[in-house]
Amino acid sequence: MEKQNFVVLKNICKRFGSNTVIGNLDLEIKKGSLVTLLGPSGCGKTTVLRLVAGLEKPTSGQIFIDGEDVTERSIQQRDICMVFQSYALFPHMSLYENVAYGLKMLKLPSEEVRQRVDEALKIVDLEGMGERYVDQISGGQQQRVALARALVLKPKVLLFDEPLSNLDANLRRSMRETIRELQQRFDITSLYVTHDQAEAFAVSDTVIVMKQGDIMQIGTPQELYKAPKSMFMANFMGEANMFQGHFDGQQIHINGYAIDADLEVTRDKPNGEYQIGVRPEAITLHTQGSESQACQILKSAYMGSMYEVTVKWHDQELLLQLNSAQFNHTLTQHAYVVFNPRGLFLLPYAE
C-alpha cells in the first residue's frame with residue numbers, strides 16, 4: 001500500500017524584502033520516508049527547512065503536517081525536532097541533562113523522563129555515558145547526543161540541517177549510517193538538508209535537487225545519477241563526458257562509434273539528435289577495437305580504489321574511472337574506448 005503524503009508544501013513563496021528566495025514551490029514527503037534537499041549554496045534548501053520548522057513564515061502558500069495546516073503555527077506547535085550542524089548542546093549540562101531537557105519542558109514524570117533518556121542514549125550507543133559533559137566527548141559523540149535529544153521526544157517530523165558538516169570523513173560515513181538506520185527503525189518522516197551528494201545518496205529515499213529557489217529534479221539517488229533531465233543535473237550529480245550524437249531507434253551513434261541502445265536509457269526517446277552523456281565509470285579501455293574507438297592515453301592518477309585516466313578521443317579529452325584490474329596501460333599508448341550502454345543518458349540537443 002502506498003504511503004500517504006505526511007508533509008506537504010503548496011505554492012510556497014518566500015521573499016526577503018525584494019529578493020525572492022523561494023518561488024511557487026510544491027513539495028511532498030511521504031510518511032516514514034527520508035527526503036533530502038540537495039543543492040549548491042544559496043539555492044534555498046535551508047530556507048525550505050526553516051519554513052517546515054516554523055522558524056520562517058512563507059510570504060504565501062500553505063504548509064501541512066499530518067493533514068493539518070500548520071502555516072501559522074510556531075515551531076513548538078508543530079511536533080517536530082531539529083538536528084543542527086552545530087549540535088546546539090548545553091555545555092554546562094551533562095549528556096543526560098541535554099537529552100532530558102525537552103522532556104522536562106513537557107513536565108513529564110521524572111521516572112518516565114529517566115526511562116526515555118536511558119533508552120535514547122542506548123539507541124545511539126552512548127549507554128552509561130550520561131554523566132559526562134560535552135567537552136569530554138568527541139564530535140561524533142556530540143552529534144549522537146543531539147540525535148538522541150531529538151529522538152527522545154518522538155516527534156512527528158525530524159529535520160536535519162547539514163548535521164555532519166563539522167565531522168571528518170570517517171565520522172561522516174559512520175554517522176550517516178547511524179542516521180539512516182535509526183530513521184528506518186523508528187519510521188520517522190524526515191527532511192534532510194545537505195550540499196554533499198554522497199551524503200544525500202547514502203541517507204535518502206528521495207532526493208530533491210534545488211537551484212536558485214526552484215526544484216530542478218526529484219527522484220531516487222539512482223534516478224538522478226543515471227537519468228538527469230538537464231545539463232545542470234548532469235554536471236551537478238557527478239562528472240560526465242558530453243557529446244553530440246544521434247539515436248536511430250536501435251543504436252546510439254557518437255563520432256562514428258555505434259553503441260547498442262539500452263531500453264532503460266532510450267525508453268520514450270524518439271529518433272533524432274541528442275546531447276549524450278557518459279559517466280567516467282561507464283567507459284573502459286580495450287587493446288582492440290574499431291577505428292572509431294581508438295584513443296590515446298594522456299595521463300593517469302592513482303586514487304587508491306581506482307585510477308582516474310584522461311584519454312584523447314576524436315579531439316576531445318575524456319575522463320575515465322577504472323579500477324586497478326581494468327587499467328594496465330602505459331601513458332601515450334593507444335587503446336580503444338568501450339562505452340557501457342547502461343552508463344549513457346540522453347538530453348535534448350537544443351538545450
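Cβ coordinates are placed from backbone N, Cα and C, and glycine is handled just like the others.
Keep in mind the model is a prediction, meaning the values are calculated, not measured.
Residues or ranges marked as domain 'ABC transporter' by Swiss-Prot: 7-237.
In the shown protein chains, 13 other C-beta atoms lie within 10 A of the C-beta of Gly42 (ATP binding site). In the three-state DSSP classification, Gly42 (ATP binding site) falls within coil. According to Swiss-Prot, the ATP binding site annotation covers Gly39, Pro40, Ser41, Gly42, Cys43, Gly44, Lys45, Thr46.
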Practice item. Starting from the Cβ centroid of Gly39, Pro40, Ser41, Gly42, Cys43, Gly44, Lys45, Thr46, which together make up the recorded ATP site, report each further residue of the same chain whose Cβ lies within 8 Å of that point, ordered by sequence. Key: His195, Met210, Lys211
Exercise for review: Tally every other Cβ atom lying within 10 Å of the Cβ atom of Thr46 (ATP binding site).
Suggested key: 20
Point to revise | Segment-level pLDDT (mean, integer) for the domain 'ABC transporter' (7-237) | key: 94
